[in-house]
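Quick notes on the structure that follows.
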Amino acid sequence: MNLTSTIHSSLEGMITCPGDKSISQRVLMLGALMNSDMQIKGFLRGEDPLSTMRALNQMGAEIEILDDALIQIKKKSESFHEPSSPLDLGNSGTGLRLMLGMVAGLGMKATFCGDSSLSSRPMRRVIDPLVDMGANIHSEQGMLPISLHASTLSDHFIYELPVASAQVKSCILLAGLASKRQVTIIEPVQTRDHTERMLQNFGAQILVESEDGKNIISLDGRGPLKAKDYHVVGDISSAAFLIVGCLISNSEQLTICSVGMNPSRIGILSVLKEMGAQIEITNSSIESGEPIADLLVLPSKLKGVHLKGPIIPNIIDEIPILAIAAAFADGETWIQDAAELRVKESDRLSAISQGLSQLGVTHENFDDGIKIHGSPVPLHLEHPIEIDSFHDHRIAMSFLMAGLNCNQPVTVTQCDNIFTSFPNFLEVTSSLGFNIEK
């Protein structure tokens, strides 16, 4: 599916942010492990969470969709069982990495597969610690397909992350929880902590502390969890596209309601404010252990910034849309320490560079980042252009936002994967006045 965006006259409106993809997937797994009746409200019905739900049901979980954003997890009469066919996680790196930990902890035999994009992504970073913990895993060169064989994981497992990764951390925590073992993870800097907050919300015996600049998470998986209904907050990564679309185009104001404000996720707001964005935070509260608020985005003039170091892990998913903000900012934006982007759904640094080149935006490429020379005026194109998204939802949505401030139509190809994280993207953008069409 190809989508085309064109410049528009004005934008103003109010929307509710779609549910957080990371949280939706995590609560499915924890809910299935608790084996109690519970409901999940605000669930993101994107393809990534749905593939995780299908995989859990293959193993004996009883999870069903009651309404558009409402999920029911039922207490099952029997324990998990080995799936009769491979667990297909589609395009979901989060679902795959976390479920590898969960299934390894359950000591079950299972084979994992995914689509062509997921099959090209390295999984060694979760395979290695699971093998160290005692899991029996077979994989060619650390990629899909991956086969787990029945094994017993060791207790009192300690693992220091060589590179900060919330997915690796969560994989080990789920392995410890499912196997009822004690695990300790040491991360060089704090990463998104949805798993820890969720475990605390359900009564797990988990301790998070800081020592010598490092973050240490200790979990005793033997403690019982207390199931209760859960409300998924809005996904700030999805909100980021709408925020930047508003900031770079001829807009009045935009209100986005019920946005998750987890401190480990709001680096995007800090960066945009540093760039000069006027973003007001209102109606702050707590929902199922996660901070939540409404965001008011006002007309702003953006300027370039230098991004590197500890902020990068907390904005890694938002760098594609930040690159678009940088293209329409006054001055130079330099993003460093972001080599992780080369092993996402696509080589995102390369995809960003190719798209910016087609837009005529001057930039320089580095192994770990990109330097963008922006200009706070609409881009002048000689003719309509076509940009390849490389089947990457974040690349697709980012360049569709760029098209809102170009004098010629911008068509982005291979946009189907947008629905992995933002299933109602077209409906939401249309309601706000964005000119984006099939």
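The backbone N, Cα and C atoms fix where each Cβ goes, glycine too.
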3-phosphoshikimate binding, same site as Lys21, Ser22, Arg26, Ser165, Gln167, Lys344 - TrEMBL member from Asp132, Asp317, Asp367, Asp368:
Asp317
Of Ser22, Arg26, Ser165, Asp317, i.e. the recorded positions, those within 10 Å of Arg394 (phosphoenolpyruvate binding site) when Cα atoms are compared:
Asp317
Mean per-residue pLDDT computed across the domain 'Enolpyruvate transferase' (8-428)
96
Using a 10 Å radius around its CB, how many other CB atoms surround Arg348 (phosphoenolpyruvate binding site)?
25
Cα distance, Asp317 (active site, proton acceptor) to Arg348 (phosphoenolpyruvate binding site), nearest Å?
10
In whole Å, could you give the widest CA to CA gap in the 3-phosphoshikimate site formed by Lys21, Ser22, Arg26, Ser165, Gln167, Asp317, Lys344?
19
Say you check the Cα of Lys21 (phosphoenolpyruvate binding site) against those of the recorded positions Ser165, Asp317, Lys344; which is nearest?
Asp317
